[in-house]
Every structure is written in structure tokens, then in C-alpha cells.
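The structure appears below as C-alpha cells.
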Amino acid sequence: MAGGHCGSFPAAAAGSGEIVQLNVGGTRFSTSRQTLMWIPDSFFSSLLSGRISTLRDETGAIFIDRDPAAFAPILNFLRTKELDLRGVSINVLRHEAEFYGITPLVRRLLLCEELERSSCGSVLFHGYLPPPGIPSRKINNTVRSADSRNGLNSTEGEARGNGTQPVLSGTGEETVRLGFPVDPRKVLIVAGHHNWIVAAYAHFAVCYRIKESSGWQQVFTSPYLDWTIERVALNAKVVGGPHGDKDKMVAVASESSIILWSVQDGGSGSEIGVFSLGVPVDALFFIGNQLVATSHTGKVGVWNAVTQHWQVQDVVPITSYDTAGSFLLLGCNNGSIYYIDMQKFPLRMKDNDLLVTELYHDPSNDAITALSVYLTPKTSVSGNWIEIAYGTSSGAVRVIVQHPETVGSGPQLFQTFTVHRSPVTKIMLSEKHLVSVCADNNHVRTWTVTRFRGMISTQPGSTPLASFKILSLEETESHGSYSSGNDIGPFGERDDQQVFIQKVVPITNKLFVRLSSTGKRICEIQAVDCTTISSFTVRECEGSSRMGSRPRRYLFTGHTNGSIQMWDLTTAMDMVNKSEDKDVGGPTEEELLKLLDQCDLSTSRCATPNISPATSVVQHSHLRESNSSLQLQHHDTTHEAATYGSMRPYRESPLLARARRTESFHSYRDFQTINLNRNVERAVPENGNLGPIQAEVKGATGECNISERKSPGVEIKSLRELDSGLEVHKIAEGFSESKKRSSEDENENKIEFRKKGGFEGGGFLGRKKVPYLASSPSTSDGGTDSPGTASPSPTKTTPSPRHKKSDSSGQEYSL
């Protein structure tokens, strides 16, 4: 018994009412009924009035399974209305006071926390863009207008519509696709170019522009789209466009479909067209005036702003890419690095394909999983010095260089580092550093790069600098936009300091900004309105046109309530460079544990060791290790990775809880899942035979990578099909036969590439082309490639980097 707590209150002897014995976490407390019940609607008033069932120990004391150390100052407050912390942190005490419902105490503690936190942010806070209005929905407007504008005939329209996204008919003329439900208010992706940024929401995109005099202004809002956006690209300087050099271009993609708009400075915008890659789009970006889309399956789509021509090219399965000037470099799963000269686009008149040239082949034949190209100051239109760093599926990091004196023999292997035991997922070669990241919880290794007259040197050569981790947990069932909207970096120009952005858990309002070279923490930012950060990016903006002014670097964060917040990283880096404080990296152990209070982690398939229902079954929300989605490690060296359990709101911060009361994502998702199941059930015929739509859905799920997860709606649909007559062994045999046939077709259609030399003399890169790369037929007026000529999917042998999406993640759903 705690002697200082039992019977020590004199009011009990003064007729203040019945004495109540409490057992809080094993420690006995004695107090009066009046002391516990003077605050209405508290935990104690409900407990003593019988509204809450009580559990008593062997002595008859009411047992409360809470922290006794934190309960002591709370009981003292109930007795005296005075607060004595008694060594308990304000944060812990506030959590306990909220549990007990002691409202006066909670208000005092929240006010104490407000002393250090402001709704206007810290000195690094730069601006706030409120959530935009959601545009009105127009039924079938996008597809119809695009077809008429591009002049697609019926065959091409069918090829595009039946590619990978089966549709279900809803009420009236509206058609929607089965897909992963996404909160329509949440900012999925933030991207920027020069003084413009674009925020991608589930069904529309919004462009903002900054001017020194007026600040940030909303310029363009796209029409409402029936499908969910997964990729976005922005070009704020289109040279030679139809409206002069003041044109801007915005593109968004979902699955295989791409839609492109032209935006003028005045805010008016017009749709350029809708294009199809024929396979899921993994990357969407601009190289000059060209819009480029790539897919891991081995397709590259290019649209030129001058010629208005869309072309799709077949290459081998792509595992990485980078850009250098007007060149697109592709790292492929056969160990080769290829490049495409965009200045020679749209096509070579001889055989109607892109100029794809093999640049280098890895000596170990490992897949090229990361690429980084550095153009030295010696490089020019007539120059021929280039440096390329790349990482492989076996964990090797290599640097190859093209010397002026080796023009005819191709790039030479310069350095090799074998410090990673997992596939390399990111690599960056800059002026002063070489940075590589592997799939082991974003393990980072860095080296200093020695240069002589701007070119990499062997004396004394690259030396190890730092080793650290950018721990970042992700949900296994996240939407396809999560990877592009939450990319850790590194961000920044290659001749300047670069940074990583660390988001430890998916549902958090805090980010850590760290130097990419050493891992040193530059700053940590916290949402000013305490809402969850759903996406982020780092861009440099030229806010002033005055002489001597320099671009400033900003961190843009998108939030689940639709707002965008901006943070001044230039000021943060200036402050940290002047500071002499001890270097701090990522979150400390205490900070990490506090962040992990929001979720459960498990190294087994069960979230809890007891027989109670796992929260993963209840909430369908799991966490996994970051960057494990690539799964490019060789089969012989595959290791069992920890599987994180589900998230749950345990000891959730009230600041987060207060903001999340306005976020209805989970209820929205559950509502969509219920309607999804009903629509699929109606679509299955009574006799159990599959109609063409069901067959498409089933085929899409059968061809998907084995590591992908199915959405709950598709799983229920499959079970109903089995119950209505389909036999399990027949399905297994059919899948096995189709997989075998696909493998045979893949071997028959495999493209043989000849190893070519490097750069030819006189040019920046040589003109040695790949002997033959099949070009998908396309029309000069924006036609799409036919699925019948698409290359066989390589995902049977190469896992898709998009595996964290559900099988139906690109398909729309019905309300």
C-alpha cells in the first residue's frame, strides 16, 4: 500500500462521503466519493454511478489498469485543484488526464504545450494553401472528348478501353471502374518545376504559381476524372509550344492511361489529349518538350510538344531510369544500360522507332536497379565526358566514366563498391558525394568524391563517409500513388547540398529533414494544423527577380485535409551550418518510440501473440519495411523480412486525434468496399459462368505479380465464383497452363541486344543503335499501340516495383 495516499485526506473524516478504495496498476489509493465525482461526465463519475462495470481485487478495491505514477498527480488535482507534476512528463500526464476525462486538467496541460507550438508554425514555416474546391463531376466527358480530339477510330478506342481496366456499368450513362478507394480530399502527390507546383488529388489536379508581389496563387484546376491519379508531371517552361514560351503542361496518369493539359499564365487550360501506354505507367516526367512515360514491363511512351506525336517503343523490362540533358537512360533487368536521344525524336524514318542505343553492360549481368548520371563542367554539345553511377540487384555500386580519349571503346568501369547485401534502390552521384540506398530499411552508404578540374579522380579516390538509415514504414495496401508522393529523395541540385526527407510512419504529422551525405538532421517539421502528411517534395523557387537574389529551397507537404504547407529549407540549412550543436541524425530512440505509439509492429504473421482478433483483420491496414517493394534480390539470396502488424490508435496524441476527427477516410473506404461487393455480386450470372467483364477482372488478377495483394472486394468476388460452380483444381490448372504458355511466348519473343561501344567521336553520345527494338504501331495523330503487339509481360521473372498495389488498384469503383 502506498502510505502517502491512503486515508491522508482530512475531508474524508469531515463527513465528505463514502471512502473509496482504488487499486491503480497495483498501487492502493484511498479517497472520498465526493473527490472523485466533482467533475461531471468523467471516468470516475461514470464508474461510481454504475455506467461502467467495475473490477475489484481480493480486498474489494476497484481495480484500474493504468499507470499509478501518473495517477498520483491527477488524484492530487482532484483533491486540491492544484497541479504537482511529481516528475511526470506533461505529455504523459495529459494522456492520462484525457483517459480519466479530467477536462480542467487537460485544458491546463494543452495550454502548456501551446507555449512551444504555434498554429502559425516555426521560423521555417513559409506558407499555407487551403484545400481547393472539388470540381463538379461530368459523366464520360473526358473519354468522349479525347476520342474525338485525337481522331481515334473504333478499333483504337477498343484497344485503349480494354487494355487493363475493365469497367462496370452503373446507373444511367455513368461508368466507373473497380479500384482502391481513396479519400478524395487527400493530397496524393506534390510536384514542382521552377515557380510552379501541382498537387494531385484522387480525381483532379491543381496548379499553383508564385510571384514575388502576390505570393502563391491557384492558377489551374483540372476537370474531374473518373479514375484515380497515380502519377503526375509538370513542365513550367515549354519552349516552342503552340502558344509561345508561356505555355505550361500538366500530365497525370492512372494505370496505362495518360491525360495531358496545356495551361497558360492567365489560368486558362485546355486538354491536349488522352494517350495509352498499354501497360501500367511507373514513371511520368518531362524531358524538354517531350512527355515521357515508362513501365517496368519494358515500354517507353513519348509525346512531343512540337510534332504532337505519341509513340510507344518496346524495350527490355525496365528497372531504373535517369535523365541527362536531352537523354533518357534506362537501366534494365538484363544488366544493360540503354539511352534514347530525345533530340532525334519523334522517330527514325527508316523503321519508325526510337533511337535506342546500348551504352554499357554490367559485368555480372545483374539487373540495373538504380541509375544516376552526372554531367561534368567539361560536358557540352561537342564534349564527351560523362559519369554514371548505378546500383544492381545484388547490392553492387559501380561508377563508369566516358573519357575523351576512349571515344571509340565506350564507357569504362571506374569503381565498384560491394557494401550492400540487399538490392540498391537509389543512387546519386553529385559533385562532392556518391550516395547509395538499399532495400534494407533504406540503408544509406555515402562516399566523398575527389575531382580534378571538375572530373572524377583516382587520387586519392572515393573514400567512405557515412552509413545510416532512413527508416520509413509504409502500408502494404497503400494506393499506387504512395511511392511517388512519398519519395525520400535525395532532393537538390547536384552541385549543392542534397537532403533526404524521412517520414517514419504513414500516419504522422512530422517529417525529418536530413543531409544526404552524412545523415545529419537539418530540422524537423510538424504540420501547423496537426493533420496527417500524405505527400511531400522539395523544390527550388525563384521568388525574386532582383539582381543578386538566389533561388530558395522549399519543402512542400500535402495533407489529408487537402491543404499544402510550405517550409523554408534554405533558412534551415543556413541555421544548421552556423550551429555548433552536437550532430543529430534521424529520430532518437525516444522519438521513434513516440512515433510508433500510433501503430503495432510485428515480426510474425500475427499482430498479437494471444487468441484475440488481430487488428490487421479488423482494420485491413498493415505496415511493411520501406523499399521492400522492389524485391529485385536474386532468388538464391532472398531472406525472410519482418512483416509489420497493423496500425491502431493506441495512445494517440490528442492533437492528431483532434485533426483526424474531420478525416473520414476509413468510413469512406468501408462504404466503398460494401458497394463494391454489391456491384460485383450483381455482375456474376446466376448459372456461375463468367461473363466477359468478370473474365477480364479474373484475368487481370491472374496475371498480376504473386506478391501483390487483392482488395477485399475482389477476394469476395472470387469466393462467390467458386461457390457458384468453379472448381479449385481447374482454376489452378488453367493458371499453370497460361503461365507456362506466357513463359514460352516470352522466350520466343525475347529481344537480343548486341553489345555496342560507347560514344562515337564528335558527339555527346554515340549513335550506335540497338540492332532491332520492336516499335508498337501508332498513328501520327496520337493513336495508341495495340495490345496485340505488346511485348510479353516480364513480371513472371521480374517482380513488379508496383507490387504494393492491390490487383484492382487501377480500376474504378462505383458509388
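Cβ atoms here come from the backbone N, Cα and C positions, even for glycine.
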From the list Ser46, Ser382, Ser604, pick out the residue that Swiss-Prot labels phosphoserine.
Ser604
Position flagged as phosphoserine [Swiss-Prot], chosen from Ser409, Ser563, Ser664:
Ser664
Per Swiss-Prot, the phosphoserine among Ser422, Ser711, Ser776 is Ser711
Going by what Swiss-Prot says, which of Ser786, Ser793, Ser800 is noted as phosphoserine?
Ser793
For the repeat 'WD 8' (510-569), residues assigned helix / strand / coil by DSSP
1 helix, 34 strand, 25 coil
DSSP tally for the repeat 'WD 1' (174-218), helix/strand/coil in that order, comes to 0 helix, 24 strand, 21 coil
DSSP helix/strand/coil residue counts for the repeat 'WD 6' (412-449)
0 helix, 24 strand, 14 coil
